[in-house]
Structures are given as structure tokens and as C-alpha cells.
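**Q** The structure that follows is given in the form of C-alpha cells.
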Amino acid sequence: MDGDFAVKIGKDSWLCRSSISNQSAKLFFLFLSTDICFFALHIVALMGGWSDSYPNLYKNPYFIEMDRGYAEFFQYMKEYWCILLLGFIAIRRRSLLYLSWICFFLYLLIDDYAEIHETLGLYLSRLLNFAPMFRLRARDFGEILVSALVGLFFFTCVGVAYRLGDSTFRRVSRILIILLSALAVFGIVVDMLHIMSPKTLKHVFGILEDGGEMIVMSAITTFLFVVSNEVTSNKVLSTK
């Protein structure tokens with residue numbers, strides 16, 4: 001009897017994992033398809049689409065490099081969903097340690113919308129008398145400094161939580177750090193290359209920067225969706 005029960009639990013566990021895998025693949029496909037649509041609209045805008053309505057390309061909401069454009073609002077939604085999913089995971093796991101990640105994604109959302117690191121970067125560049133060099137503006141060095149300080153703060157918070165966390169929290173944190181490192185490559189390194197690049201390559205680096213950020217955020221949101229489902233399925237299985 002115990003053997004039959006164990007087999008049933010094993011089958012249920014496999015079915016749950018299989019279902020979660022299928023759901024996550026479909027969700028990532030939806031995210032990626034939407035991202036690609038925004039890439040296509042961006043290319044149409046580059047080719048002169050909607051030029052009558054938006055003569056200034058950088059004011060065209062279909063242009064993915066435009067602040068608060070349609071693509072960027074989709075990014076805001078992903079970051080908001082990440083906050084909600086982390087909150088759900090925290091409640092299910094009954095752990096306050098996830099607040100470290102919730103606060104990080106909340107900062108990411110507010111920073112993307114309110115341009116905090118750009119504003120503070122400009123202020124610090126003037127305060128510290130940064131000079132332009134390597135084809136980078138003084139404010140760019142200020143932005144790098146702000147990003148480094150903010151990153152250090154949250155890395156410390158997550159590091160402390162990691163030491164105190166259980167195996168689930170540590171697994172989630174390790175994967176998030178890897179994905180966020182990829183986000184930083186596009187958001188900081190490629191951004192700097194975008195600024196330094198000659199005019200002929202500006203749009204190439206522009207779509208690489210913003211497009212890369214969009215795809216990575218899609219992967220992060222999908223990953224947190226998978227974790228939230230795993231937490232739920234494990235809870236269900238443990239009660240059977």
C-alpha cells in the first residue's frame with residue numbers, strides 16, 4: 001500500500017513538473033513574440049513609419065529607445081509582475097527574505113520610469129567634476145557610479161538574505177543573479193558602447209541594448225512564474 005502511494009506521489013510530481021514546464025514554455029513564447037513585435041515596430045519606425053505623426057524619431061512611441069514608449073511600458077509590466085510573483089512566493093514560503101528581491105525589482109521599476117540613475121548620475125558628475133573621456137559624457141560616468149553603488153547595496157542585502165535563506169531561496173537567488181548579470185551587460189556595457197559608437201552604428205547598438213533587456217526581462221518573469229508554480233505544486237503534493 002505504501003509502495004502504491006509512493007508511486008502515485010511520484011507520478012503526480014512528474015505530471016506537475018511536466019505541466020509547469022509546458023506552461024512556462026508557452027508563457028516565454030508569448031513574451032518573446034510580443035518582444036519581437038516591438039522589434040518589428042521599431043524597424044518600421046526607423047524606415048519612416050508614422051513620420052507624419054512623429055517627425056522626431058525619438059518621440060515616436062513605437063521606437064523602443066524612446067523613454068515611456070510602448071515597448072518600455074511592456075517592460076514596466078514585466079517588472080511589476082516580478083514583484084507580484086516574488087510576493088506570492090514569499091507568502092507561500094512564509095519567508096521575509098524575499099523582500100530583498102522585491103525591493104530590488106521595485107527599485108528597477110521606479111528607476112526605469114523616473115530615470116533615477118540618470119538624474120543622480122548627472123548630479124554626481126557635476127558635484128564631483130567628472131570630465132568626458134573615451135567618447136563618454138561626464139554624466140555617463142556619474143550614471144555608472146550610481147549603478148555601482150545601488151548594485152553594491154542590493155548585492156549586500158541579497159547576500160545577507162542568502163546566508164540566512166533555505167535551499168529554495170538560494171536556488172532562486174543564484175539564477176536571478178545570473179539573469180540580472182545578463183541584464184546588466186545589456187543595460188550598462190552595451191549602453192556605454194551605444195554612446196561611444198559612431199553614428200552609423202547607433203541604431204544597431206540601440207536595438208541590441210533595449211532588445212536584449214526586453215528578452216532578459218521576459219526570461220526573468222518566466223522563471224519567477226515557474227518558481228511560483230513549483231511552490232504551489234509542492235504545497236499541494238505535501239498535503240496529499
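A Cβ is built for glycine as well, from the same backbone N, Cα and C atoms used for every other residue.
Taken from TrEMBL, the feature transmembrane segment applies to 27-50, 70-89, 96-114, 144-164, 176-195, 215-232.
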**Q** Determine which residues of the chain contact the transmembrane segment (96-114) at the Cβ level, with the cut-off under 8 Å and only residues 6 or more beyond its ends counted.
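**A** Residues 68, 72, 75-76, 79-80, 82-83, 86-87, 89-90, 150, 154, 157-158, 160-161, 164-165, 169, 172-173, 176 contact the transmembrane segment (96-114) from elsewhere in the chain.
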**Q** What residues in the same chain, six or more past the boundaries of the transmembrane segment (176-195), come closer than 8 Å to it by Cβ-Cβ distance?
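**A** Beyond its ends, the transmembrane segment (176-195) has Cβ neighbours at 101, 135-137, 140, 144, 147, 151, 158, 202, 205-206, 208-210, 212-213, 216-217, 219-220, 223.
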